[in-house]
Amino acid sequence: MKRIFSCSSTQVAVERWNRHDQKLLEAVHRGDVGRVAALASRKSARPTKLDSNGQSPFHLAASKGLTECLTILLANGADINSKNEDGSTALHLATISCQPQCVKVLLQHGANEDAVDAENRSPLHWAASSGCASSVLLLCDHEAFLDVLDNDGRTPLMIASLGGHAAICSQLLQRGARVNVTDKNDKSALILACEKGSAEVAELLLSHGADAGAVDSTGHDALHYALHTQDKALWRHLQQALSRRRRGGQRLVQHPDLASQASPSEPQAGSPPKSSWRAEPEEEQEEKEDEDPCSEEWRWKYEEERRKVVRLEQELVQKTEECKTQAAAYLDLENQIREQAQELGVLLSWEPRASGKQGSSLRPGGDGMEQGCPKDLLAESTQELKKQQQAAATVNPVLAPKKAEDSAPGKIQYEVHGRSQPEEQGPPQSPASETIRKATGQQLTTNGAQTFGPDHADQLPAGQKESSQVLGVEPGGTVAEPVGPAAMNQLLLQLREELAAVWREKDAARGALSRPVMEGALGTPRAEAAAAAWEKMEARLERVLARLEWAKAGLQVKPEVPSQESREGALKAAPGSIKQDEEKEKRVPGAQGEPLGALGGEKALGGLAKGQLEKEMSVLRLSNSNLLEELGELGRERQRLQRELQSLSQRLQREFVPKPQAQVQLQQLRQSVGLLTNELAMEKEATEKLRKLLASQSSGLRGLWDCLPADLVGERSAQSKAAESLEELRACISTLVDRHREAQQVLARLQEENQQLRGSLSPCREPGTSLKAPASPQVAALEQDLGKLEEELRAVQATMSGKSQEIGKLKQLLYQATEEVAELRAREAASLRQHEKTRGSLVAQAQAWGQELKALLEKYNTACREVGRLREAVAEERRRSGDLAAQAAEQERQASEMRGRSEQFEKTAELLKEKMEHLIGACRDKEAKIKELLKKLEQLSEEVLAIRGENARLALQLQDSQKNHEEIISTYRNHLLNAARGYMEHEVYNILLQILSMEEE
């Protein structure tokens, strides 16, 4: 079994698959370590040789995780970095199949951890794709490159995010992997994680600085892909990240996909919320309610406008630099044109000066060089050189000069197009011009009369007709015919390269303008002016390209007519004839003052070529002036943009940017509001404590009311049963005090009466009466009656002694009266004892009431003091409440003003958005035009490559012709010197005669 690759006509056996290789592959497939060791030690089988399926024993062992077999094969000389058909190494296969032990063995034996397969994926890509965290850790420990891009432009971190492998993402981020890299579709790792629906990976990426607002090529951000999943945790993480981003200065608008996900009436179960504002956690919403929403919104808008200004300033600086670069390029171009014109003037100025000694009849308008018009001289000399060199090449091909490269046509082409000569043509021309000048100088010192230039035919004195016939022939340039188009092609190549550079700069500017970061700035007047300027520049570049194409076509057609005529003249020329020599002598240019080379029908052709050159020169000068005008317009456009930016900055500072004093005042107001809020909370706490104390005191007062006597309570309830005011309490207490005083007075009177009674009863007790208690007034009255009765009895006994019955009755009455008196005295004693008891109880009760009254007075005084403090606190709280109400009204007024300004800002934002959409549409149209122009540019680049090859070939021919030209000049100079001295070889003389004869024909 063998495999042969045929890459040529002969088939060569590249790899021969023998039976030993097959046995080794089968042993590895079975995992037979002993068999693998035996076969590998024989050296008859190669472990890395591929079979017909593109697999080898070494790669199979790595993919199956056979660590022992892998170690044996490595010990027997297996190439550790060999690749299979897919370009995968053993390390790739081990990471694909998630074999960390094999990965460890391969890395220890020196496997290349940064090798890439056909998909440009490294082992770290496949380890991240398979979710093998151990392999990722091993590769990171061996310093594998973390941010390598595969064919899809994805890094290992992006692949791990797409697979939802949070552990691998954590390892890569800890090792320093870049989190905001995007693939070919402009999708970042966060967008891929949201597309997968992995909330854990998204949270990890956001914690490491992932940009939640980045969008892909379709214009969708991470939240758009998260809304297609049902993971609310993922929504919450993204919305919190966007909220933090909005707080940092970028305003968060309502996401367009949220409205489509939620129903217009009320959201369904499991559907995302209607807006990113409502989807935030409740805790975050409560925090936002505590904050001032108007001031926060104003601050966000201010930060957004400030960032727009910064972006506009950066863009203006960039455009200014581009304008400066273009201005410098145009200035260099103008300087090069002037230098080329000066060089042409230096090269051609010697001819009118030399011919001026014989008068101005030699060349009419010979001082045109001093007037800045060398094109007439250049056109005539070009035609003469072409014709004369063709004639010389027909007579003697060996001595045919090829020196047109250092003549004026090459330079006039570059002067016409405003470009300097290529570097490969510059050095050979300088020695040629020096040689010409040396030859001219020798002729001046020898003859003392005329200067003969190799590039132009000059006149001779009348006495030297033969010399004038010899010297009247100037070497022509056969190479001049292809040099003109070649030079023009080289010029077109350079101009196209410059045009390509301009297009690249324009594309870069377009890309910068079309990026989402610049969307906010597209609606400004400055962006509209910049777009209009770019449109003008695009139209001008198209016109310049059309002119260059026209010039190229005209210059490719122009040289064909004179060259064809020259070739026809050369074919008609016969070898030397005496008659032709005589005709040539008659037509000596010095006698008639007409330029050389204007012979016969060729004079009209020379005039035609001259007219074409003049027309092309005028057209190209016009294009040069147009370019200069465009440069001036660009400068004016730059100044106008600077003025607009300054006005925009002033407007933003005037309308959107708050003054420093207002900002400081706003900060102070916020601090004062915070302090007032804290004080209000403290006052609320103090008020609550006072309320509790007042309630306790009210309960104490109610207890006092309950302790008051029933008659006082009845009077209070009768007056105002529901009112328990302090005045009523004071009245009751004063009444109670008065009653207490009256009771004390009554008690004092009773005590006095008691003392009087005791004093009155003490004399009655002395005669032996057994009465212990003092007699009452009735008893005294009875005693008086008894005394009277006794007196009457004595009187009656005295008067009526005889009436015993009446006396017995009277005694009985007396006894009865005595019993009644005793009975009355007993009753009086009992009443006295009861009175003493009552008096003691009244005294004890009065003492208790006195103590209670003292306690009540103390409580009353304390309550009065507390009530005073409460009244002061209530008054202070009312005053502070009034201040807070005034501040709240002021803040409400400011909030209403800010709301009005925010509405104006929203209207302005809507207008800017409309302008932005309009500009985006215009940019899309321009991008389509740019694509078409790029296609044309590709076609032109192909032509440029062809022209470049032709130019290289012509450069080689130019070098050969210059060498021949130098030899011809040296030989020709010697012959001229010999002719001037009066002797010449016969062969040379014959050759010159032949040349003159051909010139006449």
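Using the three backbone atoms N, Cα and C, a Cβ is placed for every residue, glycine included.
Copied over from Swiss-Prot, here are the features:
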- 281-295: compositional bias 'Acidic residues' (COMPBIAS)
- 423-434: compositional bias 'Low complexity' (COMPBIAS)
- 256-296: region 'Disordered' (REGION)
- 352-482: region 'Disordered' (REGION)
- 559-601: region 'Disordered' (REGION)
- 879-902: region 'Disordered' (REGION)
- 53-82: repeat 'ANK 1' (REPEAT)
- 86-115: repeat 'ANK 2' (REPEAT)
- 119-148: repeat 'ANK 3' (REPEAT)
- 152-181: repeat 'ANK 4' (REPEAT)
- 185-214: repeat 'ANK 5' (REPEAT)
- 218-247: repeat 'ANK 6' (REPEAT)
Confidence summary for the repeat 'ANK 4' (152-181), mean pLDDT rounded: 91
Close approaches to the repeat 'ANK 2' (86-115) from elsewhere in its chain (Cβ under 8 angstroms; 6 or more beyond its ends): 54, 58-59, 61-67, 70-71, 74, 80, 121-124, 126-127, 129-132, 134-135, 138-139, 142-145, 148
Helix, strand and coil totals (DSSP H, G, I; E, B; other) for the repeat 'ANK 4' (152-181): 18 helix, 0 strand, 12 coil
Residue distribution over DSSP helix, strand and coil in the repeat 'ANK 2' (86-115): 16 helix, 0 strand, 14 coil
Residue counts (helix, strand, coil, in that order) that DSSP gives for the repeat 'ANK 1' (53-82): 17 helix, 0 strand, 13 coil
